[in-house]
Amino acid sequence: MKISIPQPRRYAIASLPLGVSLVEPLHQLIVNHQEWMVMQLLQCSGQTTQPSIITHLRSVQGLTSRISLLLIEMTADLTPGYLVSDMEEDLQTLGGISAIAISAENQTDISAAEMVETLQQYRQCYLNLIKLGEFSSEQEHLFSQVVGDLFTAIERQFFAEEKQRQYQTIIDQYLHEHIDDSINHIKASQMERILNAINLPIFILNQEHKIIFANRKAHETLVVNSQIPPELETWLRERSPQIADTNISEIVAEIPITKDNITEWFCLRLYPIDSQDGSDFRAIAICEDITDSKLKAQRQQLQQQHLAQVQALTKTGSWCLNMNTGEMIVSEQLYHILGLTPQPTSINFEQLLNQIHVEDLYGWVQNYATSLFVKQNYSLNYRIIQPDSSVHWVSQESTPVSDRHGQVTHIISTIKAIENPEIVNPSITAEAALRESEARLRTIISTSTNGLVVVNRKGRALFINPAAEALFGRPASQLEGELIGIPLVTKESTELEILRQDGQLKIVRMRVVEISWEQETAYLASLTDVTDFKKTEDQLKMFSRACDQSPVSIVITDSEGDIQYVNPKFEEITGYKAGEVIGQNPRILKSGYTTEPEYDVLWRQITSGKQWSGEFHNKKKNGELFWEHASICPMRDEEGYITHFIAVKEDITQQKHNEEILAHQANYDALTDLPNRTLIFDRLRQAITEAQVHHSNVAVMFIDLDHFKNINDTLGHELGDFLLKEAGMRLRGCIRKTDTVGRLGGDEFLLIIPKLDDLVQAEYIANQVLDVLGEPFNLCGEEAFISASIGIASYPQDGKNVSTLVRNADTAMYAAKQEGRNVFAFFTQNMNDEAQSRIIIENQLRHAISRNELSVVYQPFIHLNTSQIVGAEALMRWYNPELGNIRPDQFIAIAEESRLIVDLGEWILSQACQEVANWHQQGNNGLWVAVNMSPRQLRTPNLVNVIIEAIANNGLSSDCLELEITERSLVEEVPGVQSLIKQLNHLKIRLAIDDFGTGYSSLSYLKRFPFSVLKIDKSFISDLPDDQDAIALVKTMITMAHGLGLVVVAEGIETTAQLDFLCNQGCDYGQGYLFSKPLPPAQFRAYLQRNS
């Protein structure tokens, strides 16, 4: 059968540093009872280069059943996984036990039911061994010592590894907290090296909130094929307004990220950057994996249940006494052993003593006091008296726990009911222990590593152990009988200075207890050397100064959680002075809003050696509530023991106050207060889910205001916004309570109508919408009239998900516009034909560059006074074998919408620069080439680098390139366009505003941006010179441009009359079919030769 023994009951050891070659010798030594050689092997194994192994222990010839069982118990305590024992069916022949300790990589959770079954099997096995009588008490005692010594050796290794990890955590935390302050003071290359060295995923976002840098850890954990997880991308997109708000110092969110069907949780901290220096940095994002903390509470609760079941099954209780506070924690099973009913308040130490039999009490106290003083484990059997006066034998094992200074801080004890008191060994009863305690005390003192001195009532030394000899620097023979200045104070520890004969000054901490020595009252003084500790005080003072000047709140507590230090920032935030909180628990700030389970999770996590991060809703001294974010880390001593906890805290009250506003802003449109795209899509998703359950219909109306742009152009944006708000209010008024109306952006609205019996209801609501929007709008005394085009799609006929329904409703809306506007149209499948055509073009366009289907033609710029060719505009052409020649107005818009325009733009830029280099080689120096830039290209983070590379690769100067930026790009306020244009101007690249006069706010953009060329759109030139309005407009444009120092280019010149008019008005350059149509490269070069 198989017996599974669960995880360690006392320690969780991370790794067992034993070489495989040492396993068999270790096993044989255990059989031979050679304890000291076991310790030698363990010390040697600490030097092995093998970082973590699977301990493989197998029985050898002559191994008794009892020893095999102890071996199982020992390895169960030492290994982090589960111990699997292959045992023979016959319990009478247990000599063939094979124990294999499985590494933590194979560890899996074990249920409470499985653990109870396992322990039942273990207990039955133990009882059978008792019946066999194959072991003695001496063997049992010996192997208990072996187990303890193994724990000591492995524990040191474990804490050394944990300390190294803790230092790394502190370093990572420091960089985490200070990276925002440092990033503006280092060069880019230095910054990249530093960020790659940090063991946390870090991203840097640009002005467009796109990731422009991810450090090494981010690539290892989150970035796959240069793509971040979609959950993170969605979060960044939704938080764009907050990221852009430089008044927000920090944005914190917990984001679940699924990878390979496994969900992990990350805490994202985003720090916006005010890039006043014109840099492309917008924010820094730091991620921290918090998956373990998410699962920790559930695991800890299961462990508590397991422990309670183990103690109930083995009839073992436990208690833990805090020596500083007197607080006592007891297990539920201890109540049953003492015959008490479990109470909400714990048993105190006095109550425990009251239940010990009076004949056993003195021996119990003597063992207890001796253990505290010499810091040694002890065990004894004694009697307890239950409330019903019944007497019961129990067996107790106790362990004193010391801090880094050697002071005992806790006593941990287990008490097990003895079911068969008739077999209690009289040699270890309390009475016998009393008789032997003095002899044992002498032995312990002699072998103790602490300096121990026994003095009589007059202070003369009676006995000095070797450790004390080393402290005094003199042999015991010279000190015994002398007055050595030991103050007989037994209540508190005292510090003494010892000046040795060799001139060394030793500082020791002393504690004195009264004992019986040779049947006389004497005093035992324990001396602990703290000289080295005192030398560290200067370092602590420097650390204290750093904490005092820190801009964040810092709190340091001892291992029990009592405050030892707070810095001035803590006083400033909380209103408490340091003297008011030193010695207090941080819960002095408790407001009642943080629950006890949350505190329990925090305490369990940090006492287990891990960092905890989270938020508290605390209370200041004046009663004012405030929020703070805290990161708490355990601090360890040289041996790996946790001695203190350090908390770094930041007041986030304002951040919390803003979160409510941000939550509303994240889901509602800022202008109309209607649900925004995120919220209304979620509502539509819910409506679809409900319709699936109830087999009902859902209608989606896509509403677009007709000619709204004219309102903005004529009345201005302020009144345009007022109209949008009024339209939103009218839409609210004509829907049912179950319906939802939201604003998608611009002049587009979406209306969701769930629970429809038929589409007649949708038609009725659509008519209502047209009616209410058709009524005049009063805009500051001016009446304005608009209409709307509505597209309607329904679930499930026109789509079964959000994206399909919205897309089809949008398609129907465009069909309504084509029908003449101010109407609604239901979606039909025929409407998809045009959309399908666009898809075909898009799919073919994706391969156009690789298939060499694209070409560039050039249309010259002519100096109107000299008729000389000064440059040319590069225009793209596309011939597809399946579709034939495709007009630019067909594929350029599709490329813009599908993001293909970026690749096309880079391609034509490269081709144009190569061609202008060819012109120069022919002797046509001074010619430039103009390339159009689309709005989406302007959003590309690396556009400047692409342009510089194209110029440099062809050996051109920057003034040989002109970039034409449409007025539309400026109107749409492409993020970062102003900074981009300034960079291009700084590089001496010619900048032209294209299609001038076809948009709005043109004059303001001419003033804001450093353009050098203004191109008059051909729609104004075509009516010259006969149309008076055209004449007036063109004259004004030329005069205005020259007044601003701009060169003027007229597009679309086709007649000599147009040319003469433009020359007379002082227009600088011209372009059009009057001079030349767009020509392929070879023809254009021939054209240059003819007209040179």
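Backbone N, Cα and C define each Cβ position, glycine as well.
TrEMBL annotations:
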DOMAIN    378-430  domain 'PAC'
DOMAIN    437-482  domain 'PAS'
DOMAIN    492-542  domain 'PAC'
DOMAIN    539-585  domain 'PAS'
DOMAIN    612-664  domain 'PAC'
DOMAIN    696-829  domain 'GGDEF'
DOMAIN    838-1092  domain 'EAL'
Segment-segment contact (the domain 'PAC' (378-430); the domain 'EAL' (838-1092)) at 3 or more Cβ pairs under 8 Å: no
Residues in the domain 'GGDEF' (696-829) grouped by DSSP into helix, strand and remaining coil: 59 helix, 43 strand, 32 coil
Secondary structure content of the domain 'PAC' (492-542), with strand meaning DSSP E or B: 11 helix, 29 strand, 11 coil
DSSP helix/strand/coil residue counts for the domain 'PAC' (612-664): 12 helix, 30 strand, 11 coil
